[in-house]
Amino acid sequence: MKQLSVEHLLGIKYLNPNDLELIFETASHFKEVINRPIKKVPSLRDITIANLFFENSTRTKLSFELAEKRLSADVINFSAGQSSVKKGETLIDTVNNILSMKVDIVVMRHSNVGAGVFLSKHVDAKIVNAGDGTHEHPTQALLDSFSMREALNTNSLKGKKIVIVGDVLHSRVALSNIFALQLQGAEVKVCGPTTLIPRYISSLGVGVETNLKKALEWCDVANVLRVQHERMAIKYFPSTREYTQLFGINKEILDNLGKKIVIMHPGPINRGVELTSDVADSDQSIILNQVENGVAVRMAVIYLLAQQIKR
Amino acid sequence: MSRKTLLTSKEIEIILHRLACQLIENHNDFSNTVLIGLQPRGSYLAERLVTILEQEYGIKNLQLGLLDITFYRDDFRRNDEPLEATPTKIDFLIEHKKVVIIDDVLYSGRSVRAALTALQAYGRPENIELLVLIDRRFSRHLPIQPNYRGRQVDAINQEKVVVHWKETHNEDAIILENK
């Protein structure tokens, strides 16, 4: 029967193709729900969810919170900035304290790789990884694939060509996207300055292209990543201006491709760096659709995990 | 497992025409009425009624919506089998409308309860009626009764009423199965 094969959503690499299809199908039902006049269903009335954000986030946190509220769950929020973490409490202690308030699902973002996996082994709750360091951001990859299917008007990404442009080295979005796209049979290339491409990335079966124009000519969809200045302790490229000249996408490049590709960005955009404003706001860009689909996909993930909690 | 045919395709045809006439008695030209079929199985019945109303009684511009009640059910996480959702297709509001909910079998009444809750998301209707093809007596868990019924059936709890439609099983038939 239709159920996820995993107990937690820790990363795309733990999922199988059937899980993805189930999540997308469920998300399409929820997308219809969030376009109704009353955008709410009572499914999760007796579920309590804690959103633990040990790292800053605007859109993911709002999106999760909205998804939870649309499912009628009770929601508590926690941001590390104003918490006892600063007083030296350990992660397990923090979470167990929260769980003693009878919480069923924990949505967590943490700056350490593997924080979600670690937590899932030590606490008794469903864990949803909302980003762990530079490792995975599974719900972003799910909503990206869901949006690609919608933009390309297809039920399958098999054989589609997707290029991930930019700071692949620091990007959890890139890794989760690679796993998700490969599960669906898509072809993936990464494109960016060699300093921002992990050296052994081809071992994952993705192509590497350092020429932006060639990469865009090859692809159906370009998923453009943000340059994560805050994760860069050293200089990875000489100047932002040079990065923009070599890897920034502008309207002129797009118009000269001879075909119409889809432009995506997980946000927040550095306007004028990786994308110019006229590209970000053009009809080729589905950035705001991604945000809308984010709520539906997160509703689906939470609904499907909650389904496994027996009363 | 024993099987008994309750209604044949001919009998179902007659019943559908009677139900269509009863609807016309109360709703005239359906200008202020919408029909809502409950997904998945009530939608076949609803679509069949729409065909009869349009082709044989000349009703025009019938509004038909299909409603999925999965997310409103009260047995979420209480069964071993996960619930499977089906699409909802309602592209109109039901504010101030007369609504007829259409389902194939009325048993515990819990699906109808869920449908009543789900419909609140589409506005405040003037009133809501219920049309079912089969009404299983003595099995209700909730105070819900149909306004239009095709056939009343007395079945004990181990028995199951199965509805076959041409669209899915090649022929129309209503069968009583004893597990």
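Every residue gets a Cβ built from N, Cα and C, even glycine.
In TrEMBL, annotation is done automatically, which means it is predicted and not curated.
Within 10 Å of the Cβ of A:Q140 (carbamoyl phosphate binding site) there are 28 other Cβ atoms, across all protein chains. Summarising the annotation, TrEMBL assigns carbamoyl phosphate binding site to A:R59, A:T60, A:R109, A:H137, A:Q140, A:G267, A:P268.
According to TrEMBL, the L-aspartate binding site annotation covers A:K87, A:R172, A:R226. Annotation note: A:R226 (L-aspartate binding site) sits in a coil segment as assigned by DSSP.
Positions annotated as domain 'Aspartate/ornithine carbamoyltransferase carbamoyl-P binding' by TrEMBL: A:8-150. Residues in the domain 'Aspartate/ornithine carbamoyltransferase carbamoyl-P binding' (A:8-150) partition by DSSP class (helix H, G, I; strand E, B; coil) as 69 helix, 27 strand, 47 coil.
For the domain 'Aspartate/ornithine carbamoyltransferase Asp/Orn-binding' (A:158-304), the model's pLDDT averages out at 93. The feature domain 'Aspartate/ornithine carbamoyltransferase Asp/Orn-binding' is assigned by TrEMBL to A:158-304.
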Looking only at the domain 'Aspartate/ornithine carbamoyltransferase Asp/Orn-binding' (A:158-304), what are its DSSP counts of helix, strand and coil residues? 64 helix, 24 strand, 59 coil
Taking the mean position of the Cβ atoms of A:R59, A:T60, A:R109, A:H137, A:Q140, A:G267, A:P268 as the carbamoyl phosphate site, which residues outside that list, in the same chain, have a Cβ no more than 8 Å away, listed in sequence order? A:S57, A:T58, A:S63, A:A130, A:G131, A:V173, A:P266
Residues with Cβ closer than 8 Å to the Cβ of A:R172 (L-aspartate binding site), same chain and 6+ apart in sequence? A:G131, A:D132, A:G133, A:T134, A:H135, A:E136, A:H137, A:Q140
Which of A:R59, A:K87, A:R109, A:R226 (the binding-site residues) has the most other Cβ atoms within 10 Å? A:R109
Counting across all protein chains present, how many other Cβ atoms fall within 10 Å of the Cβ of A:T60 (carbamoyl phosphate binding site)? 23
Specify the nearest of the binding-site residues A:R59, A:R109, A:G267, A:P268 to A:K87 (L-aspartate binding site), where nearness means the distance between Cα atoms. A:R109
Tell me which of the binding-site residues A:G267, A:P268 sits in the most Cβ-dense spot, judged by other Cβ atoms within 10 Å. A:G267
Taking only the Cα atoms, work out how far A:R226 (L-aspartate binding site) lies from A:G267 (carbamoyl phosphate binding site), in Å, as a whole number. 7
